[in-house]
Amino acid sequence: MSAAGMRCPACGSTNIVDDDLYSQAQLVCVDCGSVVSEGVLANDPVGGSDVSFSRTTAVAKRPCANLIKGQQRVKAICRILMVNREIEDLSHTYYKMAYEHKAFLKVSLQKKDILTGCCVLVSCRQLNWPITVGTISCLLDADSMVVGAIYQEMVKNLSIEAPIINVTDVIGAHCHEYKISSLDVPEELAENSRELTKRAVALVELAADSWIVTGRKPIPIMMAATYLAWQSLKPNKHRLKFSLDKFCQVAKVKKLKSAMTRVAEIKEVLCKLGKEIPWVRETVTPDNVIQLVECILQNRYALLRRAMRTHEDALLEESQASCAEAPPESSSQISECADQTPITSFVKQNGSNSDGKEKPGDVDYNPRVLPEHSGTQESQNPPQNWGKRVLFAPPCVIHAKKRRAEQPEHTDVTGDEEISDSEIDSYIRTPQEARDFALMQQMLSLSDSAKS
């Protein structure tokens, strides 16, 4: 656009145009290229003249390569777990927040990789899609302890409220990991996933009632319950001869070392309850108790009460027999001898009514309630490992670790005591010892010089 009425002072040409390429407009002579007049910022529009983004030197900010790789990892984990779109979007959001957080800026690539699984884990728990840390650890091929520590750190730094799940909430998802449908295994080994989950949940609840779950990792317990549920649904010869190792190979899952111990513990509880079934005449052993699992689970609470009563009567007879061998001096000691067992003392405190007419067999026993010790001399000197005298007790009580005995402190030793002359003489070398020591030093130096 030419400016009318203006002339170039250099060449006298009137061919002058406005050059608004930049933010400040200028009048330029077309013939000689001289600047006739520079624009004033005060006369320009607010913010300068409009310049397109493509004509500037700005560069689009691209995400980091590790961030892109982490987002792809989150997407892959979500697709493996077959979660819905909402959980996947929430996982991407949490991973971006964690990646840009100052606590995770200068960390190793391995920790950032584990961070992807932690974001998926917390998203699933918030949206009621229960999975375990063990599942995420298996997908990431990482240690579950490391995954748990990073998960706790992420939840704390991002201020996320993650709900705590129970074993029975995740056992359904755990059973789906076992490839034992009719499409994967022969018909005599195939099992419906819904029936398997229902039976496994009942076994886990029984294990919780008998203190097996207390203080234990959930994955081995769920694996043991799934294995026993699979055997008990169709206890034929094909399934009963399958060991846990072979079952895990057929189901295409990785066997855990402690799962076999959990299987033995659950079988032990089943045997204790199976012995109380009135119509069972044969001896109940871990080999044949699988055939009684359905009956035991249907009458679980009644069998628990019956087993507790039987165990209490056996302890009472044992205490009375021990008192009969050693005759007491008075009749008061007879009553004290009958109350020596922790179960009977617990029944007296909680089970009897004010009239004292209620029988021990009418008490509603709860194996989760521990016996309380009175404030007598018995509580001051408790028996060694009382858990072995109770039918059901926590594992930390049954397999109690030996505590280190406390050494008495020597209050009479202060460090300022005088050292006797005879003790000082014992620390000083004799002339013969000094010569032997010097000779040994000389021999060592000669051997070192010969080697060099």
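Here the Cβ of each residue, glycine as well, is placed from N, Cα and C on the backbone.
If you look up TrEMBL, you'll see 319-333 marked as compositional bias 'Low complexity'. The feature compositional bias 'Polar residues' is assigned by TrEMBL to 341-354, 374-384. Residues or ranges marked as compositional bias 'Acidic residues' in TrEMBL: 414-424. The domain 'TFIIB-type' annotation in TrEMBL covers 4-37. What TrEMBL records for 319-388, 401-425 is region 'Disordered'.
Mean pLDDT of the predicted structure over the domain 'TFIIB-type' (4-37): 76. Broken down by DSSP into helix, strand and coil, the compositional bias 'Acidic residues' (414-424) contains 4 helix, 0 strand, 7 coil. The helix, strand and coil residue counts that DSSP assigns across the region 'Disordered' (401-425) are 5 helix, 0 strand, 20 coil.
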